[in-house]
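Asker: Take this structure first; my questions come after.
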C-alpha cells in the first residue's frame, strides 16, 4: 500500500504546479481534468522527475515517454510518477517499447509478483477512478515489473493511467521508453449500460442497422483488470437467433474447468438459462448460436494480486432470421447441441430406430450451412451398441470433373465417420464422402457414428436416412445379417483365427445368447483351444470338481456341440466358472463344431477367448488309438507312457488319440483308471491344454466325462458303460507342456441289468469267473497279472502262486523251451550218427568179440543217462503246465521201439559198448562205469570179434563216415 501513498502525494503535488504538459492550469480545457481529480487545498513541492500527460482539445492525442535522468550522488531512493489523463469519452492506451530495469526476476516476477523486484521497479495503475486524490490509495494495483521483460499493453478502465517508477541508483538513464495515446471510449460501450456495473450491457437488434456489432472485453487489447464481473445480455426478436463469434480470446487458464477467470455463455436471457459452455485460456474459432432469441454472456475475473497479463476477448454478434430452424431436429427425436447452429445428437433407447434429415427437408436446404450429426449407441457396463445407417432419399448436387482423381463433391457433401470423430481436427479422416444421388448402407465401427453435412452454394433437396441401434458384440467373424449374436466361421474364408465372448476383455452383457458356428470342408476338421475362461457360476459349486455340467452351471454357461450333416448336434459339455473346456477336435464324419454362450440377467464376468484351426481330417483313431472288439480285456495308455506325453509337432494345433471298445451282446465294459496324471486343474483353470473325454455310451446324447489333473492314489476312478460300446478320447493342444499320462484297464463283463452287480448273480458259462465285487469276467483273465475285477478287487489274481510264480512267466517259458529243444536236437544227432555206424559195420560182416559178455557197465551207464534225460523232459512239461493250472503233472515216458535190429558188438579196451548205446535193460547200473581213461580207449578195438589196430583204424573211420 505504500506504493499507492506515493502515487497520491506525487499526483496531488503535480496537479497544482506546472509540469511537462501541465502549464496553463487555469485554461478552459484544463477544467474537466481538475474537476475529475480536484487537487487538495494544501500545495506540496513537486518532485523534479514527475510527469503528466493530459489530453487537450485540439492538442496532440499521442506521444512518448522515457525514464528520467537522475543524478543521485547521495544514493537516496527516488520515486517518479507518470500520469496519463484522458478527456471525456476517452481512454488511455500505454505501450512499452523498451524496458531494462535492474534485477533478474525469476519466473512470475515479470507478470506482477512483488517480492522479486527490490532495488528498481515500476508499478502500474490502470483502474484509477476516484475523484479524491486522497482516495487513490484504494485504486486496484495493476502489477510491479522489473528486469528486461516489459509490461504488456495497458488500456485504462476509466480515464487515467498512473505509472510509479522507483530507483536507488546513483545515476539512471535509458531504463524504459514507451508510447501513449488517447482513444475513443465508445468502442467499449457496446449496448445499454446496466446500472451498478462499469462493464455490463444489454444488446438488442435495434442498436445497429444491420443487426450486428462488436463484443469486446473492458480493456481489450490491454491486460484486463482483476476482481471484475461483466455481463452482456443479447435480446433478439421472437423469430431470430443470436450468433456470437469470438475472433480473439485470451484468458488466464487455470485448468480444464476454468476455476479462476472465465467466460460463461447461457442459452437464454440470464444466468438461470441452460449453460452452453465455460471458456478460458486461448480459444480459436469459437462460434456460438442461441437456440431461441436470447443469449447471456458473463465475464468474470478472480479478485487477487495481479499475476497475469491476458488481454481478454474480442468478437462480433449477429441477430438473424436466416439461421437454420431447429424443427427438423426436434420432430425426429434428435437433441440440438446447444451453442451450434444445427448440430444434433441422437441417443439410443436400447436397440431403437429412427430417421435423420438434412435441414429443411423435404424442401431445399439453406446454402452455405454446416451441420454435424452425432449418433450415439448405448455404452455402459451392461450395454454396447453400434449404428446401422441406410439412406432412403439422397440429393446433394455435385460438380462433374474431367479429372477422375479429383472428388466430385467439391460443393456440397455429406461425410460419414464410422468411428464417430467428435473433434474438428479429425474431420479429414472420413470413411465416406457422398454427393449426387448415391445412397450407402453403413455400419459404425463402435458405439458412435458421426456425419458432417455442408450445403455449399448449390441447393438440393437433401437427404433422409434411417438409423438402427444394434448390440455391438466385438466378436471377430461373420455376423448374422439380422444383428443377433450369431457368428459363422467357414474354412474357405479363413483357416485359423480367434473368437471371444461379447466385448472381451470387458465383461460380457447380461441377458444374452450368442452362437458360434464352425463349418469345415468335407476333408477337414476343426480344432478349438481356449486361452481364457471366466463365466459366472453359482457360489455353491463344488470347487474341487470345477464348474462343469448342467448340475453346476445353471446361471451363465458355455456349451460345445459336434455338428453333423443331419443337423443332429451332439453335446460335448457345459462349462462355467473357471473350468475352461479342454481342446476339442471335431470327429471324422462331422461337419464342424458349435459353441453357445448363455447369460442371465444377474451379474456378469469377463468371458472367454479362444482360437480355432481348420486342418486336414485325421482317421477315426486320430494320431493314435484304435478299435477293440471280441476281446476279453485290454490296456490303454497315453503316448510314451510312463515317460510322459508331449506337445503336438510344430505347426500342429492338436494331437488326438481315440479308442473305441465294443463288448459282445449281453455284455458291458468295466473301465478302471489305474494311473492318471494330466496337466490342468479342474477347480481353478479347467483343462485348457490337455484333456481326456470318456463316453460310457456312444449311442446316448449324454455328454462325455471330461478329466484332467492328477488322480490321488487312494481314489478309485472306475466306470461301467451303459451300453455295449465305450469311447475314450485324449486330446492335447499347442499349449501342452507334458505330464506322465495314464494307464486304463478295460474288461468285458456280463451285463447284470440295471443297478450294481450282485454276489449271487450266476455267471452264464462255466468259462466265466465271478469277481468278489460280483462282476462276471472271462475265466481266461485269471492269473494273467492284470487286475480285471476293478479297483480294490484282486480276486482274479488270487491262488495263482507256484514254484515258478515268483519268476517272470514269460522269461521262464522261453528258457524252458530253448533248453528242451537243445536236448532233443542233441539226442537226435547222437542216435542218428551211431545208427549209421552200426549199419555200416554190420555190412562188413564183423563178428562179436568175447569181451562183449564180460563188459556191460558202459551200456548201463549210457542207459542211465538217457533215463535221466527223459525224466528231465517230464519236469519241463510239468513246469509249463503249472504256469496255467497251478498243479504239477508228470506224464509217463514213451515206450521204446519194439523192432530194432541188434546193435553191433563193440569192445574198446575190454569194455563192451553195444548194450550201452541201444539197450535200456540195465537201467539200474551205476553211471560211473562209463568213466574210462583215455589211454584205455586207445589200446585195443574189437568189432564183432575182429581186432583193429592203429594202422587200419583210419580205414574203419572212413567207412563209418560213409
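Placed from the backbone N, Cα and C atoms, the Cβ positions cover glycine too.
What TrEMBL records for this protein is below:
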DISULFID  771-789  disulfide bond
DOMAIN    49-183  domain 'CUB'
DOMAIN    199-320  domain 'CUB'
DOMAIN    342-470  domain 'CUB'
DOMAIN    485-615  domain 'CUB'
DOMAIN    624-749  domain 'CUB'
TRANSMEM  811-832  transmembrane segment
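How buried are these features, and what lies next to them?
Answerer: All protein chains considered, the CB of residue 771 (disulfide bond) has 23 other CB atoms within 10 Å.
Taken together, the residues in the domain 'CUB' (199-320) have a mean pLDDT of 93 on the 0 to 100 scale.
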Asker: Around residue 789 (disulfide bond), which residues of its chain at least 6 apart sit with Cβ under 8 Å of its Cβ?
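Answerer: When sequence neighbours closer than 6 are ignored, residue 789 (disulfide bond) has 747, 771, 772, 773, 775, 777, 795, 796 within Cβ distance under 8 Å.
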Asker: Would you mind splitting the domain 'CUB' (624-749) into helix, strand and coil residue counts from DSSP?
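Answerer: Tallied per class, the domain 'CUB' (624-749) gives 0 helix, 67 strand, 59 coil.
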